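> Pasting a structure below so you can have a look.
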Amino acid sequence: LGFDPPHQSDTRTIYIANRFPQNGLYTPQKFIDNRIISSKYTVWNFVPKNLFEQFRRVANFYFLIIFLVQLMIDTPTSPITSGLPLFFVITVTAIKQGYEDWLRHNSDNEVNGAPVYVVRSGGLVKTRSKNIRVGDIVRIAKDEIFPADLVLLSSDRLDGSCHVTTASLDGETNLKTHVAVPETAVLQTVANLDTLVAVIECQQPEADLYRFMGRMIITQQMEEIVRPLGPESLLLRGARLKNTKEIFGVAVYTGMETKMALNYKSKSQKRSAVEKSMNTFLIIYLIILISEAIISTILKYTWQAEEKWDEPWYNQKTEHQRNSSKILRFISDFLAFLVLYNFIIPISLYVTVEMQKFLGSFFIGWDLDLYHEESDQKAQVNTSDLNEELGQVEYVFTDKTGTLTENEMQFRECSIHGMKYQEINGRLVPEGPTPDSSEGNLSYLSSLSHVNSLSHLTSSSSFRTSPENDTELIKEHDLFFKAVSLCHTVQISSVQTDGIGDGPWQSSLAPSQLEYYASSPDEKALVEAAARIGIVFVGNTEETMEVKILGKLERYKLLHVLEFDSDRRRMSVIVQAPSGERFLFAKGAESSILPKCIGGEIEKTRIHVDEFALKGLRTLCVAYRQFTSKEYEVIDRRLFEARTALQQREEKLADVFHYIEKDLILLGATAVEDRLQDKVRETIEALRMAGIKVWVLTGDKHETAVSVSLSCGHFHRTMNILELTNQKSDSECAEQLRQLARRITEDHVIQHGLVVDGTSLSLALREHEKLFMEVCRNCSAVLCCRMAPLQKAKVIRLIKISPEKPITIGCWDGANDVSMIQEAHVGIGIMGKERRQAARNSDYAIARFKFLSKLLFVHGHFYYIRIATLVQYFFYKNVCFITPQFLYQFYCLFSQQTLYDSVYLTLYNICFTSLPILIYSLLEQHIDPHILQNKPTLYRDISKNRLLSIKTFLYWTILGFSRSFIFLFGSYFLIGKDASLLGNGQMFGNWTFGTLVFTVMVITVTVKMALETHFWTWINHLVTWGSIIFYFVFSLFYGGILWPFLGSQNMYFVFIQLVSSGSAWFAIILMVVTCLFLDVMKKVFDRQLHPTSTEKAQLTETNSSIKCVDSLCCFPEGETTCTSVRRMLERVIGRCSPTHISRSWSASDPFYTNDRSILTLSTMDSSTC
């Protein structure tokens, strides 16, 4: 082509159709193929790679070390005791991950093997998707999915445009228009494309779906033509072609370098407060384990210092043992004790927690109260790792538009040339009395006629001044609505289904036959309003825009579009009128338009904008500028240079936009209404009652934001509203913050609300962060207006890292809000009608803001209660399990004799005690869901991770240690030293004694779980009592047969011997009742003396028509403690149908039905109690 391609690392050069230079001096760049690989493993690397990933987890690695120690040295327990549970956990996880990866392989093969047509050697060749190379020209037909990231070359339309939907990428269902450059748009056949000689230079792959910079250099008749390429030219892999027969595009990014593949990379992992607490507890128990092992080792050597205990006759040392190093023996004994006590660390905790989170997350999607019938949207769970975090929220950060409001804009009022109008039935009516007005209104439709594309007010106009003023007023009105009709990115679909987009296709259609769609609802509302007034936008091509003005078609040449961005907060178009005049029309926030204006009714319009904002309306200002031919030539050249730049294109474009968008003439302002969603006020008030602070972060102007905050209850009328706005310097900002802090201190009795704008916020965070945070912490509600997206994310991070480390939620609905959702501890996406990018990138997605109350107060409350109890109970039952093993060493002179049989050691956590806590963690409801939602104050009872505090952790730990003492010493004293408890005069041996302790322990920890359960179903009964029955049946079976593959038969007939002894049964019942009686007494006294709000609500529930869900500890108010204890003992002993819950029971579904309650479980006949 006569030039050397660039070799910068941040750009790539693509020769269309892979026609490389023939001069031999060019070395083609290497690009990857078009295969998509979403799988993690292959047949050859699955085992080593999966094992490596699993053993990176601390718990798995710990048990692997224990297993290896058991293999290397002589330990008191079989390696099977730690090896089998570890093998079970690793195997289950590997099977799950292997199956998921197999599904990914199948999906990859289906995608990579999809048939596509590629232009090669002057014809269409059918091949597979994986064979597409960068530079290939690909043909895509209607409704097909793009197999790679393509730059559009041509379509079946004359203007080279096409429509696509990107719903699978960003969730937006509206059609997007993409256009080809003019030089390739005419190449609509394979033969024509075969003559194309062109090169594309573009940036290297990146994940941003909305960013693409490049240029196409076309050689025609030995002349090079350079055209800029942007996002409008790029067709993304995964998007679908719509309303277009076929297109041709050249592949620029393939395979794992496509934007779709780059966006599939996992998000940064969020860790919940419960997970952090669990890791802390693991470290504490690891310290306890090491301490017990060290103490045991020291005591062993202290004991054996006396000769009579050194070498008992049954355990004589060998010569090698006598001569071995004491240090090595000490280490060996320490490791042996470590193995003996290692089960204090629960290996199955991680697996159980993962299962609980995964299965529990389905309840959110199944909840009909979170289903929005109008949009047919149910709640979505994109991550199950944060379920319990929903019960710990202290701050809610939310956007206004689309989150608190419906995002359905309706044009209400406008200001034109310093006069205010409101729309009534397609007529612009001036507000207030007008001179010489007989009817009191102005019909714009009847008052406009056009001469040379300008309108004038006819004699029928109800508002007349002088002819000169009329002409000026007419021009301003005309330009205002032309600006509204031309300055936008709205697209059109009509009643026609074919041929859409072929030139001026809508010219003959009536406005009622046109349907506008746009990514911005503001633009759609304004264009529709202009159409009702009489200036109808009827279609556009790449180069023209057409409007009908009172039935007369006018075609404007679209010269340039200066796209909207959040920094400028405005957009502009440069058009050429039929008269040849060139105009720039701009619209945007008043803070971005008014400073650029040098003419027009600036002050009057500013007042009108403030008045609109006080009504809660969204405002935009409209302005224009007319260019001379010389001015336009300079602008056109500078825009071309900036748009064709491959380096720093965005910065260069920003400079050019700043140069163009100045010296504007203000035309007026628009005001559209975005009404609040249903029950927003009630939801915000409920959040406030729950102790959750709500911050609204919006880009709207100050007055609009305050008005909406008042109307939605974010600010209430009795609240003292403080303002930190319009600050110009650091010193001024600091002084204002100090004044606000003093006012809060002086008026500490009343609630305060704070309003901050983006400029003042930047100053406050720059030098006065601590002072600003002090003011915010003492405010019940904070409103941040005129905020840029980056500022929103920064505010959330500021609260997250504050000393209190509060849990935050971010609620947003827009694609530019993803960073805020990902910054918050929990991201909540609001599923709008057309904007679902935020929902897809969130942790949870709901259809309406009002659903947030049930998500937090019911689901969050239940999830936290369940998993907090699960974690504490797991450590409790393992303390009960291992502490007797430690205490037993005092009786066997620390000889490392195990108390339990190896099979019991292996199955305790896997089979005997795992299911009751798992079912509890899935189904538990300690109080009726409706009460939780109607009494938001109950949310405070679980805030700040109360159930996993050090105090609660110590209670469960001490409880476990105390029960362990009862198990061991109770068994020892009840069966008696040297006592004969069998009919044949024999005594209990070591294994019988250990089995007795184990039996009491299994029954006690299982019934303890029953005491903690408030919500009983047949599943709870099955797994709770079934676990105890299974233990007895298994023990009878295990001890009743001689198993030839076992190394020893220590347990043969042991359990049968135990259960045949009446004394043993007496000991079992007495110890179980003793342990549980103490638990029951503590529950009664706590509820009588220090009841929480939740427990008081349970008492209320007891006396209401809904029966109490706390089957053990809910008693009528005024009942004496003695009576309460008697009732509780009756319930413990005769625990028939514990809850008697009346929640729309369903006999048809044995598990649950969802009838607008979180769970509805199958009934049991309460009359039997």
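Indices start at 1 and increase along the chain as displayed.
Any Cβ shown, glycine's included, is placed from N, Cα and C.
On a predicted model such as this, the values are computed, not experimentally measured, just so you know.
What Swiss-Prot shows for this protein is this:
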type	residues	note
TOPO_DOM	1-47	topological domain 'Cytoplasmic'
TOPO_DOM	70-74	topological domain 'Extracellular'
TOPO_DOM	97-281	topological domain 'Cytoplasmic'
TOPO_DOM	304-333	topological domain 'Extracellular'
TOPO_DOM	352-868	topological domain 'Cytoplasmic'
ACT_SITE	ASP399	active site, 4-aspartylphosphate intermediate
BINDING	ASP399, LYS400, THR401, GLU523, PHE564, LYS587, ARG618, THR698, GLY699, ASP700, ARG786, LYS792, ASN816, ASP817	ATP binding site
BINDING	ASP399, THR401, ASP813, ASP817	Mg(2+) binding site
TOPO_DOM	891-902	topological domain 'Extracellular'
TOPO_DOM	923-952	topological domain 'Cytoplasmic'
TOPO_DOM	975-989	topological domain 'Extracellular'
TOPO_DOM	1013-1017	topological domain 'Cytoplasmic'
TOPO_DOM	1040-1057	topological domain 'Extracellular'
TOPO_DOM	1083-1169	topological domain 'Cytoplasmic'
> What does the structure give for the C-alpha distance between ARG786 (ATP binding site) and ASP399 (active site, 4-aspartylphosphate intermediate)? Integer Å is fine.
12
> Same-chain Cβ contacts of the topological domain 'Cytoplasmic' (923-952) under 8 Å, 6 or more residues past its ends?
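Beyond its ends, the topological domain 'Cytoplasmic' (923-952) has Cβ neighbours at 273-274, 277-278, 391-392, 394, 686-687, 689-692, 853-854, 856-858, 860-862, 864-866, 868-869, 871-872, 1013-1015, 1017, 1019-1020, 1092-1094, 1097-1098, 1100-1101, 1106, 1109-1110, 1141, 1143, 1157-1159, 1161.
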> Take the topological domain 'Extracellular' (891-902) and count its residues per DSSP category (helix H/G/I, strand E/B, coil), listing them in that order.
1 helix, 0 strand, 11 coil
> Quick one: Cα separation, THR401 (ATP binding site) versus ASP813 (Mg(2+) binding site), in Å?
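So the Cα of ASP813 (Mg(2+) binding site) lies 8 Å away from that of THR401 (ATP binding site).
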> If I take the alpha carbons of GLY699 (ATP binding site) and ASP399 (active site, 4-aspartylphosphate intermediate), what is the distance between them in whole Å?
9
> Can you tell me which of the recorded positions ASP399, PHE564, ARG618 is spatially closest to ASP813 (Mg(2+) binding site)? Compare CA atoms only.
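Answer for the nearest of the recorded positions: ASP399.
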> For the topological domain 'Extracellular' (70-74), find every same-chain residue at least 6 residues outside the stretch whose CB is under 8 Å from a CB in it, and list them.
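Residues 81-83, 332, 335-336, 339 contact the topological domain 'Extracellular' (70-74) from elsewhere in the chain.
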> Return the residues near PHE564 (ATP binding site) by Cβ distance under 8 Å, restricted to its own chain and a separation of at least 6 in sequence.
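Non-local contacts for PHE564 (ATP binding site): SER520, ARG570, MET571, GLY588.
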> On the DSSP side of things, how many residues of the topological domain 'Cytoplasmic' (1013-1017) fall into helix, strand and coil, could you say?
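Taking each residue of the topological domain 'Cytoplasmic' (1013-1017) in turn, the totals are 0 helix, 0 strand, 5 coil.
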> Can you tell me the mean pLDDT for the topological domain 'Cytoplasmic' (1013-1017)?
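Its mean pLDDT is 90.
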> With Cβ-Cβ distances below 8 Å as the criterion, list the same-chain residues six or more beyond the ends of the topological domain 'Extracellular' (891-902) that contact it, or say none.
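Distant Cβ neighbours of the topological domain 'Extracellular' (891-902) are 75-78, 80-81, 296-297, 299-300, 303-304, 309, 315, 333, 336-337, 340, 884-885, 908, 972, 990-991, 993-995, 997-998, 1050-1051.
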> Could you state the whole-number distance in Å separating the C-alpha atoms of ARG618 (ATP binding site) and the residue listed as 'active site, 4-aspartylphosphate intermediate'?
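Approximately 14 Å lies between the Cα of ARG618 (ATP binding site) and that of the residue listed as 'active site, 4-aspartylphosphate intermediate'.
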> Quick check on the binding-site residues: of ARG618, ARG786, whose CB has the lowest count of neighbouring CB atoms inside 10 Å?
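Comparing Cβ neighbour counts within 10 Å for the binding-site residues ARG618, ARG786 gives ARG786.
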> May I ask you to report the DSSP-based helix, strand or coil state of ARG618 (ATP binding site)?
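In the DSSP reduction, ARG618 (ATP binding site) maps to strand.
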